[in-house]
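Over in Swiss-Prot, the protein carries these features:
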- Asp151: active site, proton donor/acceptor (ACT_SITE)
- Tyr406: active site, nucleophile (ACT_SITE)
- Arg118, Arg152, Glu276, Glu277, Arg292, Arg371: substrate binding site (BINDING)
- Asp293, Gly297, Asp324: Ca(2+) binding site (BINDING)
- Cys92-Cys417: disulfide bond (DISULFID)
- Cys124-Cys129: disulfide bond (DISULFID)
- Cys183-Cys230: disulfide bond (DISULFID)
- Cys232-Cys237: disulfide bond (DISULFID)
- Cys278-Cys291: disulfide bond (DISULFID)
- Cys280-Cys289: disulfide bond (DISULFID)
- Cys318-Cys337: disulfide bond (DISULFID)
- Cys421-Cys447: disulfide bond (DISULFID)
- 11-33: region 'Involved in apical transport and lipid raft association' (REGION)
- 1-6: topological domain 'Intravirion' (TOPO_DOM)
- 30-469: topological domain 'Virion surface' (TOPO_DOM)
- 7-29: transmembrane segment (TRANSMEM)
Amino acid sequence: MNPNQKTITIGSVSLTIATVCFLMQIAILATTVTLHFKQHECDSPASNQVMPCEPIIIERNITEIVYLNNTTIEKEICPEVVEYRNWSKPQCQITGFAPFSKDNSIRLSAGGDIWVTREPYVSCDPGKCYQFALGQGTTLDNKHSNGTIHDRIPHRTLLMNELGVPFHLGTKQVCVAWSSSSCHDGKAWLHVCVTGDDRNATASFIYDGRLVDSIGSWSQNILRTQESECVCINGTCTVVMTDGSASGRADTRILFIKEGKIVHISPLSGSAQHIEECSCYPRYPDVRCICRDNWKGSNRPVIDINMEDYSIDSSYVCSGLVGDTPRNDDSSSNSNCRDPNNERGNPGVKGWAFDNGDDVWMGRTINKESRSGYETFKVIGGWSTPNSKSQVNRQVIVDNNNWSGYSGIFSVEGKSCINRCFYVELIRGRPQETRVWWTSNSIVVFCGTSGTYGTGSWPDGANINFMPI
């Protein structure tokens, strides 16, 4: 091969190699661009579709490093879009209740700065549970705690902490309120906060940390709400509110709220005669509430809320073992499912129950005269059969030698079912314990279990003689 041929051959080989390298670089570049922009293909609508102008909440944004031919490519995983809760799973089948949480607020107040509270409740977002209470604008070891037996003062605020964390000085004050309800729709918290003059109070609706709507008193007689969690289904939340006499005819309305904005108000209908302090739970696709009749009945009213057409029905729990306090002895108490039993209806106490097929699970004070002790049990046929009294699976939560108080329900969504849980308010101080001038509480919390369980009693536990006066 002469020199010219060698030169041509070497040049041809070099050109071929250069061309191959150039094509490889183009391929690598194309791969990089494709992977980088792949994220924009996630759930993208067709070109002829209109994208709704709604906010997207990014829950997490993860970056993965992928190595390809010594070239580093950053691939971003598609963000998850947070959805509204719909509570469509079935209710968990349980055998009873197991201990879940206890905050020991009063015992801790003997040596620390803990808020004076009452009207506690529990509610959960999709990942975590929180405890709420109405603070009195003071800690217990503080002269301002004198006279905190009073319910409605302008200094009361709604407090919010992770469940199990007592209300210390660093606790968030969510809103101004002497009556409240809170719930999470899957995207953000809704707080319903009532405060102001007894004859002209205001309910503020706070969503995602912002005031969105409000409503004034409609009967000029202590506008009030649940003192436990509201319920949201597919982005619409519902809360029961009453304005009017606490021991006579009152005006109860059911409000429907979308991202903090009132979208509909329905009047109470059905056979319930008086409604206070409802304990509500999701019963997909609707919501059910068990309330307090402070006028005519020691059997508890039931409100069924249709979340689609906003219709309302009401009745009473069928169980002849009634849930309110005061009440008749079990042997003489009655309920016909439709009407108040006209047995010691006033004053009453906030409580809860929930249906389980034809049966009903319920909780109540052990003492039929006052707010002491606490028990739970199931009544066979208690949801469907008038005056049913067959009791099973009874548990003592607080023995009858210790004070209890309000109680209410909250729901927790598991992997396969929705569990029902409840809290008990453990009131200390006045009016029962007159050595001190304050009134406050701690809480104990139980949740449904399909397992076995033991026995015990979980009272507040503070020695009143150790407490500040």
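Including glycine, each Cβ sits where the backbone N, Cα and C put it.
Remember, it's a predicted structure, so these values are computed and weren't measured experimentally.
Features as recorded by Swiss-Prot, highlighted on the structure.
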residue	record	DSSP (3 states)
Asp151	active site, proton donor/acceptor	coil
Cys183	disulfide bond	strand
Cys232	disulfide bond	strand
Cys237	disulfide bond	strand
Glu276	substrate binding site	strand
Cys289	disulfide bond	strand
Asp324	Ca(2+) binding site	coil
Tyr406	active site, nucleophile	coil
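Within 10 Å of the Cβ of Arg152 (substrate binding site) there are 17 other Cβ atoms, across all protein chains. A separation of roughly 26 Å, to the nearest angstrom, links the Cα atoms of Asp151 (active site, proton donor/acceptor) and Cys129 (disulfide bond). In this structure, the disulfide-bonded residues Cys92, Cys337, Cys417 were compared by how many other Cβ atoms lie within 10 Å of their Cβ, and the smallest count belongs to Cys417. Taking the centroid of the Cβ atoms of Asp293, Gly297, Asp324 as the Ca(2+) site, the other same-chain residues with Cβ within 8 Å of it are His274, Arg292, Asn294, Trp295, Lys296, Ser298, Asn299, Arg300, Pro301, Tyr316, Val322, Pro340, Asn341, Gly345, Gly348. Tyr406 (active site, nucleophile) sits 8 Å from Arg371 (substrate binding site), taking the Cα positions as reference. Secondary structure from DSSP puts Arg371 (substrate binding site) in coil. DSSP assigns Cys417 (disulfide bond) to coil in the three-state reduction, outside any helix or strand.
For Glu276 (substrate binding site), applying a Cβ distance below 8 Å and a minimum sequence separation of six or more within one chain yields Arg224, Thr242, Ala246, Cys291, Arg292, Asp293, Asn294, Gly348, Lys350. A coil conformation is recorded for Cys337 (disulfide bond) in the three-state DSSP classification, outside any helix or strand. The closest partner of Cys230 (disulfide bond) among the binding-site residues, by CA position, is Glu277; the full candidate set was Glu277, Gly297, Asp324, Arg371. Around Gly297 (Ca(2+) binding site), the same-chain residues at least 6 positions away in sequence with a Cβ under 8 Å from its Cβ are Gln273, His274, Tyr316, Val322, Asp324, Asp339, Pro340, Asn341, Asn342, Glu343, Gly345.
Taking Cα separation as the measure, Cys183 (disulfide bond) is nearest to Glu277 of the binding-site residues Arg118, Arg152, Glu277, Arg371. Just so you know, the Cβ of Arg371 (substrate binding site) picks up 20 other Cβ atoms within 10 Å once every protein chain is counted. If you take the Cα of Arg371 (substrate binding site) and the Cα of Cys232 (disulfide bond), they are about 31 angstrom apart, rounded to a whole number. The two recorded residues, Cys421 (disulfide bond) and Glu277 (substrate binding site), have Cα atoms 17 Å apart. Most Cβ neighbours within 10 Å among the disulfide-bonded residues Cys124, Cys289: this distinction goes to Cys289.
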